[in-house]
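Report on one structure; see the data block that follows.
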Amino acid sequence: MSVTLHLRGETKPLEHRAALTPTTVKHLIGKGFKIYVEESPQSIFKIDEYRRAGAIIVPFGSWISAPRDRIIIGLKEMPEEDKFPLVHEHIQFAHCYKDQAGWKDVLRRFINGNGTLYDLEFLEDDNGRRVAAFGFYAGFAGAALGLADWAFKQTHKDSEDLPAVSPYPNEKALIKDIGKAYKNALKTGAKKPKVLIIGALGRCGSGAIDFLKKVGLPEENIIKWDIQETSRGGPFPEIAASDIFINCIYLSKPIAPFINYELLNKPDRKLRTVVDVSADTTNPHNPIPIYNIATVFNKPTVKVNTSSGPKLSVISIDHLPSLLPREASEFFAHDLLPSLEQLPSRHVSPVWVRAEKLFNRHSARAIRESKL
């Protein structure tokens, strides 16, 4: 059975990544897939790259009226104001399985249209490991912005916030830019920061470590924590004693907070910047309960209202890999490709069968809870 994929243009502001790259489009067409690609003004990839790869180019937003047998693939969630029923099979990150704000409304659109959601976050292999994730570049970009904010605080007044950031064409340009800010901060007499990473052994943590090493932070300044170190339960004074804290955990169940105001309001606190890569902002079990808004590239930080100690900011951008959209997209699409190749047999392929069962389970829960 041949499969037709329709790559929809992203609508989330400043989202420049793509679920399919020209490289993967060319590969899938070679396997017998038919692929439509929407014109997308914000994609890092030029439409001609897709055209040369063999895709059929269609107008932005045309997925809405596309034939029902097309599988619609995208990355981020659709605009909140859209309410029309979803009639297709969709592959995307929907952020609606962990009780996030508005999760029932998201699922209701699929239920009302008799559509199906294959959530990219929950495509897992037989060992329960995600088949594809942006974690590495989320950690890489998160560490970059965390160091940028720390450096900015050394060279600017507390009344100023880290200015807007824009995507970089490649990793080398990002390292050069943040490295320059870091060196300027050290010229003020500031000591090299200590960075504590929780979730250091995962994809995200390894990305954060990789950036910090490449920008020149000494190994001894990178404090790597994972399950063993956090097993005693928070809050952890070690976080307040670090200069930068990067949260890279995958939140799957309620846990004790990592940090609280009692630790933050001490006058000797060193912590200046928190990077919540996980960005479970609206999750009731968020282990960093010191902020309540997701930040954006245009305004990357939010100030924490502490009563003592130096200025403290949180970075909680939920699409950090978009700072390096081309490399992040290629990395992700490469890992996703083997699962996409199984789409012709998705009704028996374990990866897709599990994803559909999960969708059905949460849909039933949404219906049940809406009736309560």
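The count begins at 1 with the first shown residue.
Glycine is no exception: its Cβ is also placed from the backbone N, Cα and C atoms.
Record features, source Swiss-Prot:
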ACT_SITE  Lys76  active site, proton acceptor
ACT_SITE  His95  active site, proton donor
BINDING   Arg17, Lys76, Gln100, Arg130, Phe134, Ser278, Ala279, Asp280  L-saccharopine binding site
BINDING   Arg129, Gly202, Arg203, Asp226, Thr230, Tyr250, Val277, Ile317, Asp318, His319, Leu320  NAD(+) binding site
DISULFID  Cys204-Cys248  disulfide bond
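It is 11 Å from the Cα atom of Arg130 (L-saccharopine binding site) to that of Arg203 (NAD(+) binding site). Largest CA to CA distance in the NAD(+) binding set (Arg129, Gly202, Arg203, Asp226, Thr230, Tyr250, Val277, Ile317, Asp318, His319, Leu320): 26 Å, whole number. Closest to Arg129 (NAD(+) binding site) by Cα-Cα distance, out of the recorded positions Arg17, Lys76, Cys248, Ala279, Asp280, is Cys248. For the recorded positions Lys76, His95, Arg203, Cys204, Thr230, Cys248, a Cα to Cα distance of within 10 angstroms from Ala279 (L-saccharopine binding site) holds for Cys248. Put simply, Arg203 is the one of the binding-site residues Arg17, Arg203, Thr230, Asp318, Leu320 whose Cα lies nearest to the Cα of Cys248 (disulfide bond).
Residues Arg17, Lys76, Gln100, Arg130, Phe134, Ser278, Ala279, Asp280 are listed as the L-saccharopine binders, and the farthest two of them sit 23 Å apart at their Cα atoms. Reported as a whole number, the C-alpha separation between Asp280 (L-saccharopine binding site) and Asp318 (NAD(+) binding site) equals 8 Å. Taking Cβ-Cβ distances under 8 Å and a sequence gap of 6 or more within the same chain, the neighbours of Thr230 (NAD(+) binding site) are Ile198, Phe236, Phe258.
Listed recorded positions near Asp318 (NAD(+) binding site): Ser278 (candidates Gln100, Cys204, Ser278; Cα-Cα distance within 10 Å). For Arg203 (NAD(+) binding site), the recorded positions whose C-alpha atoms fall inside a 10 Å radius of its own C-alpha are Phe134, out of Arg17, His95, Gln100, Phe134, Ser278.
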